[in-house]
Amino acid sequence: MCDNKKPTVKEIAELCLKKFESLPKTGKPTANQWTILAGIVEFNRNTEACQLVSLGCGTKCIGESKLCPNGLILNDSHAEVLARRGFLRFLYQELKQDRIFHWNSTLSTYDMDEHVEFHFLSTQTPCGDACILEEEQPAARAKRQRLDEDSEMVYTGAKLISDLSDDPMLQTPGALRTKPGRGERTLSMSCSDKIARWNVIGVQGALLDVLISKPIYFSSLNFCCDDAQLESLERAIFKRFDCRTFKHTRFQPQRPQINIDPGIRFEFSQRSDWQPSPNGLIWSQVPEELRPYEISVNGKRQGVTKKKMKTSQAALAISKYKLFLTFLELVKFNPKLSEMFDQQLSDPERIAYASCKDLARDYQFAWREIKEKYFLQWTKKPHELLDFNPMSNK
């Protein structure tokens, strides 16, 4: 039970940390390794019940040359993104039941229980704009800061996306960035930018948006770390777009409650003398037979033999390919949905992933407008990465 009809940072963190502690030791950081933990908690305002529904740990991304055209490899394995993708697994499972989703026969879609909300937590400030503390002097805002103990400015390693400067490490507040890293540059946007996107268009993504009546937003964003700054978090997630108009009936920019509690400790938080763990961890609130807990290495499932590395057996349950199959399976075996999508999905084995995403017309229209108004410099991945179908990996 959560007090005051809203879960506190401490209550949310307790659910996340207890679940992490209960998971098998395999895949977790070893001695002198650190990682980031992120989780999503469901809260019912009517019953005041809280439950953890998704957990992710990770710090890695793959470079542009390693992007997979068949949807088998995760591009982005930062904790925030893993937790969100694990959340998608949970939502698909819930659509098979009659607990938080209910069929709306008038709209031919699913409504989510109005008493249910979701709260996000991370043990570290999201990479990108949220890590930058704006300086008082405007002329100095874009000054290059060194990564040393004397720097008074919170530093992000996320790389600036701009045609106006040759220096991708300029600490410019409010700018779009790709993920940090010393290797090949990635096309994955920073976690600050992704959370800002979810704050406008929802966390459900295009495929799930086809099935539900309203986008799903986080009611609160919670951070338990020493370096989190409320001003920077608010700017990164919604304030940097305050001056830009966006008119859409279904999707609206949110102003979620942002909470910080530096007193909560995660045993594997980042330390300067430790190395980042190479593994990603994902847990979802789904039945045991569906394998709720997985370990990722380089965007693939740990333990897969070299012979099967390029097959669907290497794909995590939260990969594009596996979530696509989950979507198609849900539609196929749900009489209401199969009737509704009878024409569009007449040949489900050969329909392209991109074609299914395009079924979410409202979502795609809004996303195009959002990119024009908010995220003009959002990276573009090759379209052929979305052309796979269920038969691509068989």
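Glycine is treated like the rest: Cβ placed from N, Cα and C.
Keep in mind that this is a model prediction, so the values were computed, not measured.
Same-site candidate for 1D-myo-inositol hexakisphosphate binding, as annotated by Swiss-Prot with Arg84, Arg85, Lys194, Arg197, Lys320, Lys381, chosen from Lys60, Lys214, Lys336, Lys357: Lys357.
Listed by Swiss-Prot as binding Zn(2+) are His78, Cys191; the candidate from Cys127, Cys131, Cys243 that the record includes in that site is Cys127. Neighbours of Arg197 (1D-myo-inositol hexakisphosphate binding site), defined as other CB atoms within 10 A of its CB across all chains, total 19.
Per-residue pLDDT, averaged along the domain 'A to I editase' (54-388), amounts to 88 for this model.
Rounded to a whole number, the C-alpha distance linking Arg85 (1D-myo-inositol hexakisphosphate binding site) with Cys127 (Zn(2+) binding site) is 18 angstrom. Here the candidates are the binding-site residues Cys127, Cys191, Arg197, Lys357. The one whose C-alpha lies nearest to that of Glu80 (active site, proton donor) is Cys191. In the three-state DSSP reading, His78 (Zn(2+) binding site) counts as strand.
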